[in-house]
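Feature annotation from Swiss-Prot assigns signal peptide to 1-20. Annotated domain 'Disintegrin' per Swiss-Prot: 47-112, in sequence order. Per Swiss-Prot, the feature disulfide bond maps to C53-C76, C67-C73, C72-C97, C85-C104; the stated evidence is sequence analysis.
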Amino acid sequence: MIQVLLVIICLAVFPYQGSSIILESGNVNDYEIVYPKKVTVLPTGAMNSAHPCCDPVTCKPKRGEHCISGPCCRNCKFLNAGTICKKTMLDGLNDYCTGVTPDCPRNPNKGESDELEWSAAATGSVLM
């Protein structure tokens with residue numbers, strides 16, 4: 001129970017996770033973090049053990065780690081700039097990681113419409 005509380009607190013400290021809601025997804029060991037228009041599924045057992053990227057005492061990324069979660073965060077590090085984080089039907093309009101944030105910023109060349117976007121993120125772990 002304390003580990004679950006620490007993970008929830010850690011998620012609430014970071015702006016990217018600030019609006020998160022943690023929901024139990026049926027299986028006691030599976031949880032989901034829900035963002036506006038985004039759903040990230042945590043690995044089985046993630047809520048039952050300390051998050052590998054989060055210092056449970058300070059609720060911040062551990063020393064040497066960049067991030068805890070997000071479409072541009074893998075293994076506690078930001079993905080390289082230019083990594084596709086959201087694919088569209090037209091290659092030139094994909095969304096790319098910046099290399100300095102866990103977020104997936106919208107391609108500035110896109111219009112307001114999302115008609116050309118696929119229904120899931122490029123990584124398959126985040127639905128947008």
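Count begins at 1; order follows the chain as displayed.
Using N, Cα and C of the backbone, Cβ positions are placed for all residues, glycine too.
A map of Swiss-Prot features onto the structure.
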residue	record	Cβ neighbours (10 Å)
C53	disulfide bond	18
C67	disulfide bond	21
C72	disulfide bond	28
C73	disulfide bond	22
C76	disulfide bond	17
C85	disulfide bond	22
C97	disulfide bond	25
C104	disulfide bond	24
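Closest to C53 (disulfide bond) by Cα-Cα distance, out of the disulfide-bonded residues C72, C73, C104, is C73. C73 (disulfide bond) and C85 (disulfide bond) have their C-alpha atoms 10 Å apart, to the nearest angstrom. When the disulfide-bonded residues C67, C76, C85, C104 are screened for a Cα within 10 A of the Cα of C97 (disulfide bond), the ones that qualify are C85, C104. In terms of C-alpha distance, the listed disulfide-bonded residues C67, C72, C76 place C72 closest to C85 (disulfide bond). Looking only at the domain 'Disintegrin' (47-112), the predicted model's pLDDT averages out at 84.
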